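Trainee: Supplied in structure tokens, the structure appears directly below.
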Amino acid sequence: MTNETLNIWTHLLPFWFFTWRFVAELAGTDVWNDSYSWPLLVYMATSCVYPLASSCAHTFSSMSTNARHICYFLDYGAVNLFSLGSAIAYSAYVFPDALMCSTFHNSYVALAVLNTSLSTGLSCYSRFLEVQRPRLSKMIRLLAFAYPYAWDSLPIFYRLFLLPEDGVQSEATLYHQKQTALTLLATFFYSAHLPECLAPGHFDYIGHSHQLFHVCVVMATHMQMEAILLDKATRRDGLLAAAPLLTLPQLAGALLLCLLLSLTNILYFSAALYRTPRPGPPPHAKDS
């Protein structure tokens, strides 16, 4: 069990930072006429949602055992909404030229929407196993987050490992590399519970794995945002010539379907908490 205070602030402060970036980008964009910027605005809006949901989950999860689970159900839904926002931005700005207008590119966002539903369902289900089978619960939750990330990152992996780039795009590629490294580091902290497993009781307030996980995730999002902004600016002419832009109905439809599927999962598993009462850890226990 560890103190939640810094867990709250390690995502609440980034929420304000990402909101400031989003508002600044919004103020400098002709929203109604610059359809090329719509995917970026969707991505930046979703980047504000997940740190706010996480900080709220860590704040209010002490109310009761069921409230704790429901808070984290909402947190998982927000993370998956951000995953879809990333996929939309990648589809618009990051895809390598060799994959533009391919079957993979054309189905990429649609499958990302389905991934959000699967991920939300698996992560919510994993909470029902955490008392009796904590290791399995952790593995399922890790898989639930890793699968959508892997799908979203396929264009990045193609660029990093199969399509070395020179010139102006190399700076964006460097940011993509940093984002990938930070995400892997975040996954390590999330799954390994270092350093507290080496010195129990010494990192209950500052420096435990969940705090480090939060910091790495936020830094990875920052690197991702910088990479997307660079790709958007430097690849504009080639992208506009290579593929049609995502339309407003396509963007709105993907977001609404993601919200509908995620909320359906959250409502189903929230109702299941009350249908089948079960013992759980104290409400103040550290969560992950």
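Using the three backbone atoms N, Cα and C, a Cβ is placed for every residue, glycine included.
Grabbed the feature section from TrEMBL, which reads as follows:
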type     : residues              : note
TRANSMEM : 40-60                 : transmembrane segment
BINDING  : His58, His210, His214 : Zn(2+) binding site
TRANSMEM : 72-95                 : transmembrane segment
TRANSMEM : 107-128               : transmembrane segment
TRANSMEM : 140-161               : transmembrane segment
TRANSMEM : 251-274               : transmembrane segment
Trainee: Taking the transmembrane segment (251-274) as the reference, which of 40-60, 72-95, 107-128, 140-161 gives the largest number of Cβ pairs under 8 angstroms?
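Mentor: Between the stretches 40-60, 72-95, 107-128, 140-161, 107-128 has the largest tally.
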Trainee: Does the structure show the transmembrane segment (140-161) and the transmembrane segment (72-95) touching, where I'm treating 3 or more Cβ pairs under 8 angstroms (sequence separation 6 or more) as a contact?
Mentor: yes
Trainee: Here the binding-site residues are His58, His210, His214; which one has the lowest number of other Cβ atoms no more than 10 Å from its Cβ?
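Mentor: If we count Cβ atoms within 10 Å for the binding-site residues His58, His210, His214, the smallest count is at His210.
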Trainee: What else in the chain is close to the transmembrane segment (72-95), if you only count residues 6 or more beyond its ends and a Cβ gap under 8 Å?
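Mentor: For the transmembrane segment (72-95), the nonlocal Cβ contacts are 36, 39-40, 42-47, 49-50, 52-54, 56-57, 61, 105, 108-109, 112-113, 115-116, 119-120, 123-124, 127, 144-145, 148-149, 151-152, 155-156, 159, 176, 224, 227-228, 231-232, 235, 239, 245-246, 251, 254-255, 258-259, 262-263, 265-266, 269-270, 287.
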Trainee: Six or more residues out from either end of the transmembrane segment (107-128), which same-chain residues have a Cβ under 8 Å from its Cβ atoms?
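Mentor: Same-chain contacts beyond the ends: 69, 72-73, 76-77, 79-81, 83-84, 87-88, 90-91, 95, 136-138, 140-141, 143-145, 147-148, 151-152, 155, 246, 250, 254, 257-258, 261-262, 264-266, 269, 272, 278.
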